[in-house]
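Visitor: For reference, the structure I am asking about is given below.
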Amino acid sequence: MTRSTERPAPLSFRHRHLLGIDGLTRDEISGLLDLSESYIDRMRQKEKGSLLLGRTVMNLFFENSTRTRTSFELAAKRLGADVVNMQVQASSIKKGETLLDTAITLNAMHPDVLVVRHPDSGAVNLLSQKVDCAVINAGDGTHEHPTQALLDALTIRRRRGRLEGLIVAICGDILHSRVARSNIHLLTTMGATVRVIAPPTLLPAAIEKLGVKAFTDMRKGLEGADIVMMLRLQTERMQGSYVPSIREYFRFFGLDYDKLGAAKPDALIMHPGPMNRGVEIDSEVADDIGRSAIREQVEMGVAVRMACLDLLTRSLRDNLGS
Amino acid sequence: MTRGTRQPPRPTAFLNARLIDPTSGYDGPGGLLVIDGEIADLGPDLGRSGLPADAIEINCNGHCLVPGLVDMRVQLREPGEEHKETIATASEAAAAGGITSMVTLPNSDPVIDQVAGVEFIARRARETKGTKVYCYGAVTRGLEGQHIVELGLLAENGALGFTDGTKAVASARVLRRAMSYASTFDLLILQHPEEPDLASGGVMNGGELATRLGLPGIPRDAEVMMIERDLHLVAMTGARYHVAHVSTADSVAAIRAAKARGLKVTCDTAPPYFILTEAEVGDYRTFAKLSPPLRGESDRAAIAQAVADGTIDAIASDHAPHDQESKRVPFAHAEFGIVGLETLLPLSLELVHQGRLPMIELIRRLSTRPADILRLPQGRLAKGAPADLLLFDPEAKAVIEVDRFRSKSKNSPFDGRPVKGHVLRTLVDGRTVYEAYA
């Protein structure tokens, strides 16, 4: 328990929930990353802490995601929390009232933290208004996926020592990507230069107003990039006339050594996973140990989620202490 | 018949009023006499040469006495969704909002695509004995966009015009035939201006905010594309065509040009489109989810300007009541629309208070023009016209409070908004259907 004094306190964090990166300040993001850093060693030592002993973390997933759910589960358990996983069938949430009914039901069970993934943008915000506990957005529709952006930032910061001044190229289905949105908010706030690269059909309207530069030519977009962040292309997009075919997509927007040549020689390759090899990324590139940070991203995910759980439950512990 | 034995209502004289009548262009002091549900006399000198001995005299204290508002687009939810609104509750809300006539869209359950539907609305309106209620018929059977309805028969039975309600008639071929057929009887065709394929899946205005919120957007161009296509059909067929709830600057420009070319085209908008912008959606506020969606500031300003210069003929409430269950859901799943009957007048008055247009022109947009477009005799202060009247105080300060709405549904983004303008009394055929307590 004495370890708690060692944890660096974020300079400020004035939010009850973590619903997105949009709206967080530079100090808040830095604080979260610093706190995450402090959890890396303990996570690697598989040490089970007691910070959240007696606390309940509920993973409420309205959409399948084994990786993110497991990462949150591990993070919570390593802090000593009790974890409950709830997988809600997508069909039963077609009627919106189910979401609020669920909120009322959950509230009656008194969890301390709700980790929520939902296929609709804004659904996690709506839920957070109806529950008394802290809520972490584990991905809502095409809106935000804040912990993914934080773990990406932590990975970059550890490899490059900073975020400010870096050129980060995010490539792929920007239109439907919550990962892209959260990363855009985080990286631009931290002073990085962000480019997005996609066919015009997968670029959202007015994306430049989010402070990024848009490219439809991958080589031009990758020119001089420090970081190349690839996004997953959902197979349904290929059927929805967003792109003509997989092979056409891979030819112009898939990451291979040829296109990567435009980026800086030591450019770091990232991907939120799971990857479509041969669709958005060439296997060789994905498995290049020297350049790919993909495995490290997964590892950082647990540390970041431990930090988020720690931060959002501080007030609970403070109240208990007083 | 018991009617003959009943005591006829006494004549009523409204004195010391500010009479405003867009048809004659009169805006000045005067009085108005109602006998047997009709306007018997009016003018600045009313009463000087004496009034009927048994007349009831009402002192208007200088407040505005105008033709009652004619709301050319509302959804009453009856038949089919009476938990959201009924003709009775809507009528009560309309009366409190100064609306004396309203026209319901055919997208009820069942759809108003047969004579029986038109007759049902007429019967329920008679039973309610409040605001006058009319209906539009569907353009196509079941609103399915395929087969045109019995336009002539429906019109003969009282349908004031034809529209597929909140859906556009997507097929140019079908709309061309509907317009062509309608022109035979000189019937009005109203269109929901949105290219449905381009707008498909969208839930708010396409742009930066939609991108930020991760919500699928509806491009602005979806509106003007449909209007421009339809204008070609109007030129081909000579039909009378009305564009519902115009929301973009480009649409206004297209309609302005068509009017200049002499096409028989009219249009309306609703207060949210000249007052609010998409910023109202903010943090996924479903009460700001409308169809067409709220747009950006330049569009909002263009709509306000077009109301002022008369390119936009009419202001309708676009009343779309929804219960909590339809709105307290994730944004993408929420229903489109807001309630509007009780806020139509005070919100529209903002244009007058901002100095954008004179009061008489506002009353023209809210009453006279819609009545003209619908070919109704009301909407004017004239001897022999129905005594559908609205008495209101344009300066009275108020705050919009949804909890006090008479409408069954409370979905309004204007809750808590300070406004100026207060309905004092509403009369339909000389009967007081609403009176504010002092």
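Placed from the backbone N, Cα and C atoms, the Cβ positions cover glycine too.
Whatever TrEMBL says is automated annotation, not expert-curated.
Values in this document were obtained by computation on a predicted structure and should not be read as measured data.
Relevant sequence annotations retrieved from TrEMBL are reproduced here:
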DOMAIN    B:62-250  domain 'Dihydroorotase catalytic'
BINDING   B:Asn107, B:His322, B:Phe336, B:Gly337  substrate binding site
BINDING   B:His192, B:His245  Zn(2+) 2 binding site
BINDING   B:Asp318  Zn(2+) 1 binding site
ACT_SITE  B:Asp318  active site
Visitor: So what's the average pLDDT for the domain 'Dihydroorotase catalytic' (B:62-250)?
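Guide: PLDDT averaged over the stretch: 97.
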Visitor: Beyond B:Asn107, B:His322, B:Phe336, B:Gly337, what residues of that chain have CB atoms within 8 A of the centre of the substrate site's CB atoms?
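Guide: Neighbours within 8 Å of the Cβ centroid, excluding B:Asn107, B:His322, B:Phe336, B:Gly337: B:Gln75, B:Thr166, B:Ser291, B:Ala320, B:Pro321, B:Glu335.
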Visitor: Out of B:His192, B:His245, B:His322, which of the binding-site residues is least crowded by other Cβ atoms within 10 Å?
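Guide: Relative to the other binding-site residues in B:His192, B:His245, B:His322, B:His192 has the fewest Cβ atoms within 10 Å.
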Visitor: Taking every protein chain in this structure into account, which of the binding-site residues B:Asn107, B:Gly337 has the most other Cβ atoms within 10 Å of its Cβ?
Guide: B:Gly337
Visitor: Counting across all protein chains shown, how many other Cβ atoms sit within 10 Å of the Cβ of the residue listed as 'Zn(2+) 1 binding site'?
Guide: 29
Visitor: Quick one: Cα separation, B:His245 (Zn(2+) 2 binding site) versus B:Gly337 (substrate binding site), in Å?
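Guide: With distance taken Cα to Cα, B:Gly337 (substrate binding site) is 12 Å from B:His245 (Zn(2+) 2 binding site).
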Visitor: Quick one: pull the CA-CA distance for B:Asp318 (Zn(2+) 1 binding site) versus B:Gly337 (substrate binding site), whole Å only.
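Guide: Counting only the Cα atoms, the answer is 8 Å.
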Visitor: Ten-angstrom check, please: count other Cβ atoms within 10 Å of the Cβ of B:Phe336 (substrate binding site), all chains counted.
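Guide: Around the Cβ of B:Phe336 (substrate binding site), 16 other Cβ atoms lie within 10 Å.
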